[in-house]
Amino acid sequence: MKRLISALALSTALVSPAFAQETKVIGVSIPAATHGWAGGMNYFAQAAITRLEATYPELDFVLSTASDPSRQVNDIEDMLATRNIDALVVLPFESEPLTGPVQAVADAGVWVTVVDRGLSVEGIEDLYVAGDNPGFGRVSGEYMASQMPDGGDIVVLRGIPTTIDNERVAGFEEAIEGSGINILGMEHGNWNRDTSFTVMQDFLSRHENIDAVWASDDDMAIGVLAAIEAAGRDDIQFVLGGAGMKEMIQRAMEGDSMIPANVTYPPSMIASAIEVTALGMVSQTPVSGEFIIGSVLVTQENAEEFYYPDSPF
Amino acid sequence: MNTSAKAPRKVSMGVIGPILALILLVIAGALMNSNFLDWNNISNVLARSAFIGIIAVGMTFVITAGGLDLSVGSMAAFIAGLMILVMNTALPVLGVGIPIVLLGMAVALLAGIVAGLLNGILITRLGIEAFIVTLGSMGIYRSLVTWLADGGTLSLDFTLRTFYQPVYYGGIFGVSWPIIVFALVVVVGEVLMRATAFGRHCAAIGSNDQVARYSAVRVARVRLLTYVMLGLLVGVATIMYVPRLGSASSATGLLWELEAIAAVIVGGTVLKGGFGRVWGTVIGVLILTLIGNILNLTDFVSPYLNGAIQGAIIILAVILQRGRKPGL
């Protein structure tokens, strides 16, 4: 009898802490670091995972980066089949091809957090964390209008033709409506420095006078600045990029008149998503719903808050 | 039957086709925008053609000898990244000046030669398909540059970049260095292709490597040399590329391999090998660059369709020059 009781005591002593510390696995699937913003996102994802693993020993993370949608689907399938994940944080490469596979993960009873790009079917994810693309365009447009109260001629460099790009441009156009700002031309710079450099060279050949440029991204702004510098043109008053690259934030901080401001679209949103998901796994805190991270205007006054010298972006 | 009678006509069509397309493009450009023939615009177009152009000259030899290299874009990105790293590291020791620029250039040329040699050895000594080898090295170099840059961008030290910049933007008599280097590479390439045993051997190997082998051509060595030469030229292109924006990231040189191959084919070189034309490649490069330039100078077509227009013109240029060939 005594033995039975002690055995029972022993087993509960063994079982209950084990139950409390049951390891939960969180899978994180993101696109590979193939451009500046994605590089920053990879950095923030890794930093968040390192921090959370140290804070919560009961959490395990699986991080995978994919260079195209089909590889990302493979990654997610592997996570479900071999790592037994309890939660999935996914930044879909593209919405359409990822919708089915993520749906399957959700159907298997796994918590799903979708970041930045929504899926094509509503209601799959438990948590949605995203930047505000129409807001990104709107804040940029409002800044342009405030800097050019008498109107003026601008050129616009767009990203890769996607819905993200369309939403941003629509937000921008809406914001400058009636301000007297005239868009001389819009071309796709594909969020790429080299392409933007050549597109800007051609804009400079084509237009005698350009008052300002909405480069809509910091990588593109760098190409634009190089083209302006090489052409020796002094009619352009400023270039507005976006997304918060550290070099650009630094220039705004130092009061560079060509780069007076920036509009955030933080790659660190992946860290927000991972943190909130982890919180949902380790506590009773309700975390489902939508979490939209607004685009903020960065100027010389507040630039310091947005400067991350350790990030590669 | 009367192929002998048709032969000169076929050749002349192949010669005229790309030139005709180029002339038509220039006329269209001049009609659409008055700044098109402005020296600034011409100079921009020529200078930006130089990267793909220099690489495409090397690619002409590789393709003529029946090979292919898909790794050149990634290779350029990797070499640019390596060059920036070495120059930044050497900066405290050497300081800003000519020696450090020369060091950077030496690194680029050496890395290009080694990369070309690796591709070439795998292809010629181990007998692996060029397509497979270079598909593999394409992935390797692209990953390496992403890794070197830690997923972000490698940037040349600012003062160093300012010092080095004239290599892209400067020049003599208003002709910038990339244009001059491109012209020199073309002249040397044309002479090599037309007037040397190496050029003839490339064509012989490309048209039939068995026959070439029986004719005492050292097939493996010539093929290896074409890849080394292409690697060296990728190094040369990178030397011109780095001072432009002073940075390298994993998005550098994306799809350059396809642009270079397209330029070679538009210029009249046969994709299966056996016949190559360096000056044709130059026209091919100019055609491809001009299309982009003209589309940026007008609002004539939706920017969504730029790629389609470029694709259509590539196909059209090849149809123009093959017009007289039987449809096989």
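Yeah, the Cβs are placed from backbone N, Cα and C, and that goes for glycine too.
If you check TrEMBL, you get these features:
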type: TRANSMEM; residues: B:12-33; note: transmembrane segment
type: TRANSMEM; residues: B:45-68; note: transmembrane segment
type: TRANSMEM; residues: B:75-94; note: transmembrane segment
type: TRANSMEM; residues: B:100-123; note: transmembrane segment
type: TRANSMEM; residues: B:130-149; note: transmembrane segment
type: TRANSMEM; residues: B:169-192; note: transmembrane segment
type: TRANSMEM; residues: B:224-242; note: transmembrane segment
type: TRANSMEM; residues: B:278-295; note: transmembrane segment
type: TRANSMEM; residues: B:301-320; note: transmembrane segment
Rank B:12-33, B:45-68, B:100-123, B:169-192, B:301-320 by Cβ pairs under 8 Å to the transmembrane segment (B:130-149) and hand me the top one.
B:100-123
Going through B:224-242, B:278-295, B:301-320 one by one, which has the most CB pairs that fall under 8 Å from the transmembrane segment (B:12-33)?
B:278-295
When you look at the transmembrane segment (B:301-320) alongside the transmembrane segment (B:224-242), do they share 3+ Cβ pairs under 8 Å, ignoring any pair fewer than 6 residues apart in sequence?
no
